[in-house]
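Contents: one structure, followed by commentary.
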Amino acid sequence: MKSMDCAETDAALVAYDRLVRRRVLVLAALGLACLAGFLVDITSGPSSLGVVRSLSGILMPDILSRAEHVMIWNLRLPVAAMAVLVGMALSLAGAELQTVLNNPLASPMTLGLSSAASFGAALAIVLGIGIPGVPSALIVTANAFLFAFGSVQMLQALARRSAGDRDTLILFGIGLLFTFNAGVALVQFLASADALQQFVFWGMGSLSRANWMSVAILGAVVVLMFPFSLRTAWQMTALRFGDDRALSFGVDVRRLRFFALLRISLLAATAVAFCGTIGFIGIVGPHIARMLIGEDHRFFLPASLLTGALVMTFASIASKSLMPGVVIPIGIVTSFVGLPVFFLLVMRRGTPR
Amino acid sequence: MTGLKISGLSAGYGRRPIVKAVSLPALGAGQVMALVGPNGAGKSTLMRAIVGLVPATGAVEFDGTDLLQLRLRERARRVAYMPQTLPGGIGLTVLEGVLTALRASPDHEGLPRSTDARQALATLVRFGIGHLASERMDRLSGGQRQLAALAQAAVRMPPLLLLDEPTSALDLAHQVQVMRCIRSYAEIQGAVVVIVLHDLELACRWADAIAVLKDGALAAFGSPEQAITPDTLRQAYGVEARIDRDAAGRIRVLVEDAL
């Protein structure tokens, strides 16, 4: 009996090691796919610049003509980097949110975050209302960020005054969503035709406004937040078993949820402020990651980061290639690119293996 | 004093107390106490109050410390709790689920990780589900899930283990297997185990002491012979019952009619 137990234990340990190794490999493959996607993204676009010339222009900027230099270094690279970062930020935020709200349909947009951002942007674009002291070039971005970030903090404060559980958060979030949507509608109703058009374009979600400053800011937010996310990986996995069980393991669930929401609001608000509403990534990224790698958050969180970047990069490539000479706003494309992959994975999961 | 002693424990949600001033004499190390009573008697609430999941007043002394005064982390070091239900749809294997219980605990920070998987597996083997280690939790049967949840609660080897209906979804063989595991856990670890049960015969066979709750108050307490009597059953459950003993001397509860 004893030796059988030992054999059983050894076999299970070997199987577990194999599982961990397989997950590391999946992460590495996702990373490589992201890198490849990023390079393709840089080399594609509505101009005659070839693949070889684009790539060598990145490695040796001196060989490029002035126009080519601007094309690669001021347009394509920041846009491609922004695609990767926005995908990472929204997907990581979605993954954490789905866990802390225990709801696979949650995304940063569920809590009214993008509606709040839209409202902030609408105030700036239509009524010219912004934060005093902010340069006029940044007033829309700053407003969008402030409202998006502020809405989640307001949600936290409201939830703390009541039961503070996840259902309260979702209910308050839905309340905020409708309130901000009404606010946006009101501002739109008051807007001039010009301002309205400008606002509608902002709301579509686009990478075309990306520059090195926005890339640096969003990059810094992702790089700063991700280690904190990873640090809570075990506690987040424990949360999948419900609040009561996590609490009985010794996890401070309220604290965990509070800081997770803080990270989520920073990541998503920064992304939305620079690029407008890009839905779907926050739901589809984590779902693909979950199907590929399971829910051990040590692997699930980095996988979500990478799947988000990957889907967003593909969307960026598609947005330039679908209609020759036109870059379709990426917010429109993400769904078209992400959905087939998503459906495929869901259907594969449904078939018995 | 070692062991568990509850004095004047009241607990509930909002202003409505569900558990009303329950006091239980001391339970020593290595003892198993069954908590029985009709639906809504406050068994789960009493348990949740001990873990700190429900606001409570009174005192829950364990090894000389009042658990109600402790911070979450300190309390989690002493107590593990298994709620009635394990949520479905979790994309983890059984081993990962048990490993998570071990690693998510704040006490675990800084300990060597190489032995964790081994410790988690040893717990699975102990509860007879070593062969399910690599199985996904959402593909387990109800009974297997209950066993996995039990392993999750026991993996940190807490000196006080609270189990809310751990046998409710189990077939007869698994019921005996789980109760035997719980018994030997208490004896080997010198732990106190409190367990909510609906099956009175199971309680009588495996517990050292039985507390009968009715409407949030203690209706009877003592050894199985003392606690489970026709009088208590009439008072707590509203049934006419006969208590017999079989050839092996085990208590048999024969319910004849509801009052």
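Note: Cβ is positioned from N, Cα and C throughout, glycine not excepted.
According to TrEMBL, the protein has these features:
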- A:24-44: transmembrane segment (TRANSMEM)
- A:77-97: transmembrane segment (TRANSMEM)
- A:109-131: transmembrane segment (TRANSMEM)
- A:137-157: transmembrane segment (TRANSMEM)
- A:169-191: transmembrane segment (TRANSMEM)
- A:211-230: transmembrane segment (TRANSMEM)
- A:264-288: transmembrane segment (TRANSMEM)
- A:300-319: transmembrane segment (TRANSMEM)
- A:326-347: transmembrane segment (TRANSMEM)
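The recorded stretches the transmembrane segment (A:300-319) and the transmembrane segment (A:77-97) share 3+ CB pairs below 8 A when only pairs 6 or more apart in sequence are counted, and are therefore in contact.
In this chain, the transmembrane segment (A:169-191) lies close to the transmembrane segment (A:137-157): three or more C-beta pairs between them fall below 8 angstroms, excluding pairs fewer than 6 positions apart. Scored on C-beta pairs under 8 angstroms, the neighbour of the transmembrane segment (A:137-157) with the top count among A:77-97, A:109-131, A:264-288 is A:109-131. When each of the listed stretches A:77-97, A:264-288, A:326-347 is scored by C-beta pairs under 8 angstroms to the transmembrane segment (A:211-230), A:77-97 comes out highest. For the transmembrane segment (A:109-131), the partner stretch with the most Cβ pairs below 8 Å, chosen from A:77-97, A:264-288, A:326-347, is A:264-288. Away from its own ends, the transmembrane segment (A:77-97) comes close to residues 34, 38, 41-42, 58, 106-108, 110-111, 207-208, 210-212, 214-215, 218-219, 221-222, 225-226, 229, 236, 260-261, 263-264, 267-268, 270-271, 274-275, 278, 281-283, 285-286, 289, 300-301, 304-313, 315-316, 330 of its chain (Cβ-Cβ under 8 Å, at least six residues beyond either end).
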